[in-house]
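Asker: Below is a structure I'd like to ask you about.
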C-alpha cells in the first residue's frame, strides 16, 4: 500500500512522462491527421494516393513493430534523436491514421449542399474545405477523436516498455527496490485511469459546447 | 477522372482543361518531392552500409529462415488462441450485459468497462510479472480480456440493432427469452456484426506483437535475435525491411476481408436494416459513449 507514498517522486515522474508523451503525440496526430484527411479528399490524384497509402500502412502496422523500427532502427542509420522524441513520432504518426479516418467520416456527415453552396459562391477547394466543411466536420467528430486520443494515451504504455520514461516503466524501478508488485500495478492502473478519464471528461465538455445536436 | 465518393466531389467542381493542367502540375511536383524523399532515404541506407552483403546473408541460412518461420508460427498461434477465447469471453459478457438479473448485468458491465479502460500492455505485464505466468498464456490472457470486452459491446450493439418488432413478435408467439435470442435475434445480429468482429480481430492480430515485450518468442522476437547478431554486422534495418511487410501484409489481408464482408452485407437485403457500430480503430477504449 505504501509503495505510492514512499516513491511518490518515481510515480510522479512516470505520470508526467505519460502525460507529456500523450500531449505531444496528440498534437502531432491531430495536425498530421488533418493534413492526411485533406489529402484524401483533394482533387489531385497523387495527393489522394499518398493519403490512402499513409492511412492503410499505418493502420495495419502493429504499434510494437513501429516502435521497434523507429526507436531501435532509426539510430542505426544515422538518425539520432532523444528517445522521447522518437516515441512521440511513432505514436503521433500511428494515431494520425485513425484521426484522419475519423475526420473523413466527419466530412461525410456535412450535407452535400453546403459544399455545393460554397462552390457556387466561387470558393476554391481550399476555402471550401477550411472555412465551410472542416469546421462543421470537427464538431461531429468530437466523440471518435476523443476515443482515439484515449487509445493514444493507453498505447503510450508501449513506449515505457521500450525504456522511455513513462508510467508503466516505473514498475521496473519499484520491483527492484523490493516493493509488492501487485500494489505497484494497482497504482499504475490508477494513473492510467486518471489520464483516460481526464481526456474523456475534456471531450464531454467539448461535445456539450460544440457538438452537433441531433 | 477516377471514381470518387459523393462527399469528395461536392468539395470541388469537375476540373476544366486549365484546372486539369494545374492539377497535373501539382501531381507532378508532389510526386517528385516524394521520390526525392525516397531517394534521400535510399542514399542514407547505402551511406550507412545497410545493403552490404554481410547484412543480408543471414536470410539465406536455413536455421535463420526456420527461426523466422517458428516466430511467425508462434504469432499465429497466439492470435488463433486469443481470437477463439475473445469470441467466447465476448459472448459470455454480452449475455451478462443483456441479462434480466441486475447483479449479473452489473458485474458484466463492470468487467467490460474496466478491461476496456486499461492499457492492454499493463494487463499483460501484470499477468506476466505479478502473477508470474508464462509468456504465451500471459499474452493470450491479456488479449482475451481486452478484445473480449470490446467484442461484448459489439455483440450487444448487434443484438440491440435488430428491429424491435422482431423480438416483440417472438415474445408474442410465446417464446422464452432464450428462444428469442437463439432463434430470432442472434442469427440476424451475427450477419450484421461480422465486419465489426473481423475488424476487432485485426486489432488482436496487431497486438500479438506485444508478446515481444514479455519475451514471448514470436515474429518480432525472432527478428530481434537476428538483428542483434554481431556475426552479420547487426543487420537491424534489413530485418525491419523483411518482417514489416509480412506483418503489415497479414493485417491488411484481414482488414480487406472485413471490408469485403461489409460490402457484401450492404448489398444483402436481409441485413440492410441492422447497422452495427464498427469496432473501435486500433487498441482503444471508447471513453464514455
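The backbone N, Cα and C atoms fix where each Cβ goes, glycine too.
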Asker: Among B:25-46, B:47-68, where does TrEMBL put the label transmembrane segment?
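Answerer: In TrEMBL, residues B:25-46 carry the label transmembrane segment.
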Asker: TrEMBL lists transmembrane segment for one of the ranges B:236-258, B:259-281; which is that range?
Answerer: B:236-258
Asker: Same chain, outside the transmembrane segment (B:25-46) by at least 6, Cβ under 8 Å from its Cβ: which residues?
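Answerer: Residues 237.
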Asker: Hey, does the transmembrane segment (B:236-258) touch the transmembrane segment (B:76-95), meaning at least 3 C-beta pairs closer than 8 angstroms, sequence gap 6 or more?
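Answerer: Touching, no - the transmembrane segment (B:76-95) and the transmembrane segment (B:236-258) miss the threshold of 3 or more Cβ pairs under 8 Å.
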